[in-house]
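Heads up, the thing below is written out as structure tokens.
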Amino acid sequence: MAFEELLERVGGVGRFQTLQVATLLLPAIFTPFQLLLENFSAAVPDHRCWTHMLDNGSETPANLTQEALLAVSIPLGPDQQPQPCRRFRQPQWQRLDPNATAANWSEAATEPCVDGWVYDHSTFTATVVTKWDLVCDSQALKPMAQSIFLAGILVGAAVCGHTSDRFGRRVVLSWSYLQIAVSGTAAAFTPTFPLYCLFRFLSAFAVAGVMMSTTSLLMEWTSAQARLLMMTLNSLGFSFGQILMAVMGYGLRHWALLQLAVSAPFFLCFVYSWWLPESARWLLSMGKLGLGLQELQKVASINRKTAGDTLTREALLSAMQEESGGAQASASLGALLHAPSLRLRTWISMLCWFAFGFTFYGLALDLQAMGSNIFLLQGLIGVVDIPTKMGTNLLLGRLGRRPSQAGSLVLPGLCILANTVVPHDMGSLRSALAVLGLGSLGAAFTCLTVYSSELFPTVLRMTAVGLGQMAARGGAILGPLVRMLGIHSPSLPLLLYGAVPVLSGLAALLLPETQNMPLPDTLQDVQNQAVKKVTHSTPAPCILMSTGL
């Protein structure tokens, strides 16, 4: 393919690619901070109602202990712990009598926390929950804020994908860095909860732009042989980010300081991002031969390739005539949904992205529900993610993209479905199945990142990736809501979490294999690849007719 030959001349693997991945790796580590931040900044500490006797020093009896005052002021819940959302209207002194019965206690009149709450600050100095009292009757506001954030990524995926295909990868990437920095910093100083949600939405919008533009730049400046390695290094940045998030959450226990610490570094990313060359593949596919020539010569100089000096505008025009001539005609969303060679790829890719977001965020978004030490748990998730992604690298190179993608979705689905029939008293087996399932979902994300970028031509790649990100975030928003079905049947949510990835993994087997194939630049390239595959696989007329080609 024409651009692959040009890339080899200026260096598809070399000093430039090393500098590029190093430059993009830092924000790749910072990006998961935004996704995982509210596991710490919005943690819900232990709390109880504010009471006059306990918390107003002038009314506290000197001859009673703190435990005695708590007993007469706060009723006990079903777990025999002080209720977090109710208090006695009047002190219940009879509760100090060792002969008093539980019935006497439960008959006492209670009321909501009309004077506010007292929070346990032993773990966190302050969180979003304690700042705006997102507890009791307002506890639904916390998941609402998380849904708003995920909705921001969904909208950002739709807008940034199309914008990047029209105006370039680097422009969207640099702007996204700046938007995360500004919005995240503003969120740390916002005085109201609605404004906090707005700034988190804007940050999420830009996170989608960073993830998609980074993937495209790495894919489009790297030769087919090293593409998988580059993408694996990029995905490992997410793993290291999870580990570092645990460290930062442990060190910064005030939500505003943590919010500021995970946002301010993107100012630095914005400043140095202008060094990155624009994708020459995109420039040429859009007919911008002069700018494409400049970027190719810059890369050739960094890679110390003398072939860059021989590149001319006429040579590029001759080599890319077919691609540049057909780029504009096919660069539309309609081509993804209506072109026969792209329609099936688009729908199945979106289904796989949806399955990942639906299952992963449905099961693993709230760390507090998974364990008491969220710092250790977050770190262990990141540690386990590293060998999983390195193993995925081997699988993608040995087995190919299609079977790896299918297996990485089917396996976690089967593990989740198996947990619906394993008795609850077999805790070790249930935990082992859960770890295996979540680990496989991490592999599914790596496969999706590589595979979906290779399935679509340059002029539509970011739009296609954006649709996939939209599907994933749609699944992420829907996933936590499925837990509400547990009131009808405890196993129903797990059945859905398991069935969706299994069906999606089986559907992935209908996609074409892209291993060691050059990236397509135009719709015609995709059609040519399909024709070559059919021609090389079997010449039998009956088989060709069955393919529908």
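Placed from the backbone N, Cα and C atoms, the Cβ positions cover glycine too.
Ranges compared are 144-163, 404-423, and TrEMBL records transmembrane segment for 144-163. Contact between the transmembrane segment (256-276) and the transmembrane segment (494-511) is not supported, since fewer than 3 Cβ pairs fall under 8 Å when only residues 6 or more apart in sequence are counted.
Sequence-distant residue pairs (6 or more apart) of the transmembrane segment (346-364) and the transmembrane segment (494-511) include at least 3 whose Cβ atoms are under 8 Å, placing the two stretches in contact. Just going by CB pairs under 8 A, the stretch in 175-193, 199-219, 432-451, 494-511 that sits most against the transmembrane segment (463-482) is 199-219. Averaged over the domain 'Major facilitator superfamily (MFS) profile' (101-516), the predicted model reaches a pLDDT of 82. Listed as Cβ neighbours of the transmembrane segment (231-250) (distance under 8 Å, sequence separation of 6 or more from its ends, same chain) are residues 21, 24-26, 28-33, 36-37, 39-40, 214-215, 218-219, 258, 261-262, 374-376, 378-379, 381-383, 385-386, 389-390, 392-393, 445-446, 449-450, 453.
Within its own chain, the transmembrane segment (494-511) is flanked in space by residues 344-345, 348-349, 351-352, 354-356, 358-359, 362-363, 402-403, 405-417, 419-420, 441, 444, 451, 455, 479, 482, 485, which lie at least six positions past its ends and keep a Cβ under 8 Å from the stretch.
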